[in-house]
Amino acid sequence: MTGYFSTFANVTVPIVLACAIGFVYQRVRSPDSKQLADISLFILSPCLIVSALATSELNGSVFGSIALFTLVQTAFCWAASAAVGRLFKFDISSRKALEMTTIFANSNNYGLPLLLLAFGTGGFAIGVTNVITHIVLINTLGLYLASSASFRPLEALKKVGQTPLVYAAIAGVGIFLFRVELPEPLTSGLELLGTAYPAVVLLLLGVQLGKTNWRSNWRKELWVSLAMRLVAVPALSWLTIHLLGIHGLEASVLFVQSSMPAAINSLVMMEKYGGDKELVAVNVAFTTLASFLYLPLLIHWSGGL
């Protein structure tokens, strides 16, 4: 148990530190957060996508079965969050923020180290497979949802086609499926830029939290979005696992990983396309803090799946 909480500290302290620096930087210098979002979306994220897929050594059949879970679970979360947003009569901006924070989890930088400790190298390998699918989804579906907060559906699709993220995802999947070996200098350069992505988006989260009017964000949209992320998502993940007949280690890992805090990537896209970025920022902050309490419980319960 000591090792578990030590890993929690090793993962969360860097996250909190980067956010705190961004928060202070916003209060002192008021940086252009849209510029940070542009750098993240158009330079760092495409490099991360291609380098992650190009260097992956995953088995294709394993990838397919885990990808199926991710797609079905994503469909359930999307349908549930869209229905709840309409039920509570959220405006379009808040509805899309709700959908983003419900669908996408911080399964990579935050999730993988915890999976390694909780489930060992076998669980870590399953987690990496899930992350690959998430990378493709958040940079296609996520981009569409974020842009549809400000644009009509057809215009939102055009926005998706105008970013390098989709083409990076297509190229990365092609490289992975056909086992294309990139030159070492090119791979190193992509990895160099890709590894900067987590740091920049954490700074952006801190900057956005520094601009957020906290008092005005104590609203029903926040509480509903937190309930969806913390309660509905684990329930829908459990349902998906049982519908697909997944058992054992694979079931435990997928259940825990899909129940991670809301993804920071959602904030980057909302910052770029003008959705309810304050709702996303506060949701990410709250669910990350809450995860210190609920993730140990979910890991314990996942043993019975």
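The backbone N, Cα and C atoms fix where each Cβ goes, and this holds for glycine too.
TrEMBL does not curate its annotations; it predicts them automatically.
Since the structure is predicted, the reported quantities are computational estimates derived from the model, not experimental observations.
For 6-24 (among others), the entry in TrEMBL reads transmembrane segment.
The transmembrane segment feature in TrEMBL is assigned to 36-54 (among others). Non-local neighbours of the transmembrane segment (36-54) in the same chain are 131-132, 135-136, 139, 163-165, 167-169, 171-173, 175-176, 180, 182, 187, 189-197, 200-201, 203-204, 207, 265, 268-269, 271-272; each lies 6+ residues outside the stretch with a CB under 8 Å from one of its CB atoms.
The transmembrane segment feature in TrEMBL is assigned to 66-88 (among others). Below 8 angstroms of C-beta separation, residues 94-95, 98-99, 102-103, 126, 129-130, 132-134, 137, 141, 220-221, 224, 228, 232-233, 236-237, 239-241, 243-244, 246, 250, 254, 258 of the same chain, each at least six residues beyond the ends of the transmembrane segment (66-88), sit close to that stretch.
According to TrEMBL, the feature transmembrane segment maps to 109-126 (among others).
TrEMBL lists 132-151 (among others) with the feature transmembrane segment.
Same-chain neighbours of the transmembrane segment (163-180): 41-42, 45-47, 49-50, 52-54, 56, 58, 60, 132, 135-136, 139-140, 143, counting only residues six or more beyond its ends whose CB sits under 8 Å from a CB of the stretch. Per TrEMBL, transmembrane segment is recorded for 163-180 (among others).
The transmembrane segment annotation in TrEMBL covers 192-210 (among others). Panel annotation: around the transmembrane segment (192-210), residues 15, 18-27, 31, 33, 36-37, 39-40, 43-45, 47-52, 108-109, 264-265, 267-268, 271, 277-278, 281-282, 284-285 of the same chain, lying at least six beyond its termini, place a Cβ under 8 Å from a Cβ of the stretch.
Feature annotation from TrEMBL assigns transmembrane segment to 222-245 (among others). Long-range Cβ contacts of the transmembrane segment (222-245) within its own chain (Cβ-Cβ under 8 Å, at least 6 residues beyond either end) map to 68-69, 72-73, 76-77, 80-81, 84, 88, 90, 97-98, 101-102, 105, 251, 254-255, 258-259, 261-262, 279, 282-283, 286-287, 290, 294, 298, 305.
Residues 4, 8, 12, 15, 19, 97, 100-101, 106, 110, 114, 118, 205, 208-209, 212, 214, 217, 222, 225-226, 229-230, 234, 252, 255-256, 259-264, 266-267, 270 of the same chain lie 6 or more positions beyond the ends of the transmembrane segment (280-299) yet place their CB under 8 Å from a CB of it. The annotation transmembrane segment is assigned in TrEMBL to 280-299 (among others).
Sequence-remote contacts of a segment are chain residues at least 6 beyond its ends whose Cβ falls under 8 Å from one of its Cβ atoms, and for the transmembrane segment (132-151) they are 45, 48-49, 52-53, 56, 58, 63, 66-67, 70-71, 74, 78, 92-93, 95-97, 99-100, 103-105, 107-108, 157, 159-160, 163, 165-166, 168-169, 172-173, 176, 263, 265-266, 269-270, 272-276.
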